[in-house]
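See structure below.
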Amino acid sequence: MSAQIISGNKLAQQIKTQIFEHIASYVQQGYRAPGLAVILVGSDPASQVYVGSKRKTCAELGIYSESYDLPADTTETQLLSLINKLNNDEKIDGILVQLPLPEHVDTTKIIEAISPDKDVDGFHPYNVGRLCQRIPTLRACTPYGVMKLLETTGENLYGKHAVIVGASNIVGRPMALELLLGGCTVTITHRFTKNLENHVRQADLLVVAVGQPNLIPGEWIKENAIVIDVGINRIGGKLVGDVEYEAASQKAKFITPVPGGVGPMTVAMLMQNTLLAYQRHINP
């Protein structure tokens, strides 16, 4: 048996087409275009690639974007001042600060400084708290994208045992909340978890987001499981995920590829959040 591939490229394109049509309709009615401010501190190569992709997508969809490429020695105070300015800028609906930030900057303080209704990354404690209380508004982009991918499988998530490998604030923790909201019984594993293999083997739905190439052997996958691989790792010029893809796809019912799985969805859901924030600003 070979798993059905869950294509993020295909779904992301459909979502972006819908966003483009919505924006075109608003502009045709005389409204301004949505505005997204993208802040990059330093010159981390991976961050530059991600930011470039986000800016390109904005241009394709008709979203007005402002770029702030700041030197690595930018102070926390300077960054907070810029965020405050953007919070009060009427033409900006979303503010994105590309992570990771330099060590001398307190990431938590920066995230908390962004107005919750402009927090299109979905990282602000207010937005995470709303998800926790089952009233989500702006949701963390990667977990939100994963939920959209799961919808395309047609599988009923109610009662499925979902196992998440990785407990980061960006993916693992909000992913657990999304799956809980989706009706799953959720197990979160992390660096202190004992006997990871035992947990993975029980997963009807496995989400792996660690950033270690081929961390999960294919033989650990439960028959007919759904496998969502969030990891993106470069080995010898090739991109691979956190799951041993070939072996896993022989046991799973559905699996996301790397690349072309979760990655494109993260950017698509960022644009979706930007549209949502915009709609709330023009129709409060």
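Glycine is treated like the rest: Cβ placed from N, Cα and C.
As annotated by Swiss-Prot, NADP(+) binding site applies to Gly166, Ala167, Ser168, Ile232. Taking a C-beta cut-off of under 8 Å and a sequence gap of six or more, Ser168 (NADP(+) binding site) has these contacts in its own chain: Ala209. Under the three-state DSSP scheme, Ser168 (NADP(+) binding site) falls in the coil class.
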